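Peer 1: Grabbed the feature section from TrEMBL, which reads as follows:
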TRANSMEM  34-57  transmembrane segment
TRANSMEM  63-88  transmembrane segment
TRANSMEM  100-119  transmembrane segment
TRANSMEM  125-146  transmembrane segment
TRANSMEM  158-177  transmembrane segment
TRANSMEM  183-205  transmembrane segment
Amino acid sequence: MAMAFLMQPFELWWYPRRQQVWLGEDGAAATARLAGAGAAVTLLAAALAALAGPVLIRVATPAAYHPAAILVPFVIVSLVLQSFGSLFNIGCYIGRTGRLPFLVNALAGGVALTGYALLIPRLGLAGAIAATIAAQVVRLVAFARLSQRQAPVAYRHGAVAALAAAVAAAAALPQVLPPWTAAALALPVLAALAALAIRLGLLAVPRFGRTRPAAA
């Protein structure tokens, strides 16, 4: 829930504008740049949730609930995949109808329902999470492939993958460290991840130069 709130401002800004950006000047490059920024925002929100979620579960809940902390990263993975599927799909939305998005979402929904039916009776909550991740993977792959056919965009997949790997490593910290140690490391780790996103060119730092006086 917290991760969704963190991503919402960018999503509310980007989704209504993506077609306008694509159709604008240098639309493919602008789309790639803004989708990369959205991916970075998503991954940083995921890092915050992955660092804080397990700590809160272990500190604020009875011991019987502590095993649920292990599932937090997997829930976050499903949310990241969902967000990525919506970021890298501009080609599916530039047609005159919503046929492609409908078909892709219907396919993903079918995978999810099938997975729930097969896995929940055996694995319970873990099965539901696994089925959701599988459905989101199918959705992301389908959207990405179909979108590239309709509107090729040179997304910065390498940079996004590098940041995702760093976030995955950070997400392991609350799973292996005592809660208060993990909590103490959360802000420095988030700062390092944000710096990495900037270094990779996914996020930009605004530069404020000194205003020069006008020439007489």
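Every residue gets a Cβ built from N, Cα and C, even glycine.
Note: TrEMBL annotation is automatic and uncurated.
Note that this is a predicted model, so its numbers are computed, not measured.
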Peer 1: Taking the transmembrane segment (63-88) as the first stretch and the transmembrane segment (125-146) as the second, find out whether 3 or more Cβ pairs fall under 8 Å, excluding pairs closer than 6 in sequence.
Peer 2: yes
Peer 1: Restricting to the same chain and to residues at least six past its boundaries, which positions have a Cβ under 8 Å from a Cβ of the transmembrane segment (183-205)?
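Peer 2: Same-chain residues near the transmembrane segment (183-205) but 6 or more away: 36-37, 39-41, 43-44, 47-48, 51-52, 55, 59, 156, 159-160, 162-163, 166-167, 170, 173, 177.
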Peer 1: Taking residues 6+ outside the transmembrane segment (34-57), which of them lie with a CB under 8 Å of any CB in it?
Peer 2: 2-3, 6-7, 10-11, 14, 18, 21, 65-66, 68-70, 72-73, 76, 79-80, 83-84, 87-88, 90, 153, 155-156, 159-160, 163-164, 167, 170-171, 173-175, 179, 182-183, 185-186, 189-190, 193-194, 197, 200-204
